[in-house]
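Annotation comment: TrEMBL describes 41-136 as domain 'Methyltransferase'. Feature annotation from TrEMBL assigns domain 'Methyltransferase regulatory' to 215-294. Annotation comment: TrEMBL describes 403-455 as domain 'PKMT C-terminal winged helix'.
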Amino acid sequence: MTPYDDLPYVSRPFRQTHPDRLASMGLLLGMTPADPRTAHVLDVGCGSALNLIAMAATLPDARFFGFDLAQTAVEQARSCIARLGLQNIRVEHMDLLEFPGDAGEFDYIIAHGFYSWVPEEVREALLALVNRHASPHAICYLSFNARPGSTLRLAWREAAAYHAHGIIDPVERAQASVRMLELMAETSAARPGAWRDIVTEMVDAVHAKGIRWVGHDDFGPVFEPFHFHEVAEAAARHGMQYLSDACHFDSQPYELGDPAREILQDLEQRDLLLREQYFDFLELRPFRQILLCRSGVALRRPIDTAGLRQMSFSSAADETGAAADGQIVVSNPLTGSRSEVGELSRAILRQLRAAWPCSMPFAQVLPAQADRDEIALRVERLWACALIEAHAVAQRCGRGTEERPVVWHLARLEAADGTTVTTRIHSQCIVDDVTRDLLRLLDGSRSRSELIARFPDLQRRLDWLARMGLLEPADESTPA
Ligand SMILES: C[S@@+](CC[C@H](N)C(=O)[O-])C[C@H]1O[C@@H](n2cnc3c(N)ncnc32)[C@H](O)[C@@H]1O
């Protein structure tokens with residue numbers, strides 16, 4: 001039994017690990033990554049594998065392999081795969097230390113929530129596995145707790161370990177640890193200053209996260225934060241180089257002041273790895289999600305707008321206010337980013353918003369505009385501040401106008417069990433009981449008129465399901 005059998009971890013889809021996202025970063029930096037639609041994808045320590053299952057369900061011609069040390073998580077994954085009838089995914093109960101040498105090559109390798117939470121021997125074995133099994137243009141996603149920001153969580157972890165000493169039950173242990181943090185927050189409330197702000201932020205994050213995650217992410221047996229340079233050097237020893245941040249936006253100094261920006265700009269021209277390390281120092285960064293590729297792969301920096309023209313784009317961003325000098329404030333609920341934009345960017349965003357959640361090829365973004373270079377520049381800036389997303393594979397969903405609307409099969413299955421459902425665009429949303437009923441009925445066997453009899457506000461509900469990315473595109477809707 002592992003700690004993850006005692007206290008099962010709740011699996012989630014992570015957009016930033018999706019092969020589409022990884023491929024688009026590779027394309028923008030001059031790589032020729034594998035087409036995600038036919039790629040071979042590996043998820044290391046996949047837990048109950050919802051991340052991988054949601055990918056497999058939208059990319060039927062790609063192949064997925066996940067493995068995990070926790071038997072209960074693997075059983076849960078297999079049961080979900082069987083219920084969905086997926087043929088392109090396999091999940092095994094396996095220790096990374098015993099990963100078979102003949103498992104073949106993978107185009108995308110994901111290790112989310114793994115590196116900082118396993119002993120050194122397993123970390124090293126992970127990087128060796130990546131080196132052994134990455135295809136020549138593979139992209140590997142790796143997340144870890146970063147120094148210096150994570151050392152603040154270490155202060156809590158140490159106090160909580162003392163406080164929870166002697167408690168065996170993992171849930172009670174995690175609860176006691178959270179109580180310790182709440183105590184630290186309550187007592188610091190009367191003392192204005194940085195520590196009070198930090199502890200308050202940690203309490204909010206922990207409450208939002210839930211006890212199951214806290215029990216592992218913060219109080220599992222291993223919690224090892226690293227400097228960025230340590231991980232980059234370890235990867236280099238195993239033949240891999242830093243490609244980029246998985247969320248380009250997270251590595252942009254938008255929220256740092258001018259002096260920090262100048263330092264980072266200067267470093268970027270001299271040595272990107274130094275720039276990344278100093279970024280973490282200056283931002284007090286607590287968590288890193290990086291992409292790696294083989295050391296021999298030639299990369300083009302900065303971002304290659306020729307790569308951008310091969311892709312399609314989507315945006316959930318809304319106009320949320322007016323700014324000075326005629327600019328408009330735009331916010332993207334999906335990424336949490338907010339920015340001020342001018343007329344041309346506004347026109348691009350409006351067009352993408354109208355198509356949301358479907359993506360639009362670059363060539364169709366404002367086709368009436370003659371100056372494609374100017375549009376490419378704006379698209380790149382909007383992408384860099386996370387107002388739009390780039391896709392190597394077109395993002396396609398139903399629009400809510402179909403005669404027999406179909407909710408995609410994973411969400412229908414989840415709605416039978418609970419209120420959290422996964423979308424086709426690799427995110428999650430919470431649904432109320434009436435929407436759950438509707439989700440379960442939208443299997444393509446019912447016409448609009450049959451549905452309206454039961455749901456008089458059907459179109460409003462369908463519009464919402466469409467915006468969330470829960471509907472199958474018309475040509476993929478197969479009655480179940
Ligand atoms: C923090 S969880 C992350 C799960 C999943 N990747 C996610 O992000 O939702 C870490 C996972 O790694 C698995 N794990 C730890 N050591 C392992 C090993 N040596 N081999 C395979 N899996 C391992 C655990 O069982 C657990 O499911």
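First residue shown is number 1, and so on along the chain.
Using the three backbone atoms N, Cα and C, a Cβ is placed for every residue, glycine included.
Break the domain 'PKMT C-terminal winged helix' (403-455) down by DSSP state and the numbers are 25 helix, 9 strand, 19 coil. For the domain 'Methyltransferase regulatory' (215-294), the number of residues in each DSSP class (helix H, G, I; strand E, B; coil) is 45 helix, 15 strand, 20 coil. Per DSSP, the domain 'Methyltransferase' (41-136) is made up of 43 helix, 24 strand, 29 coil.
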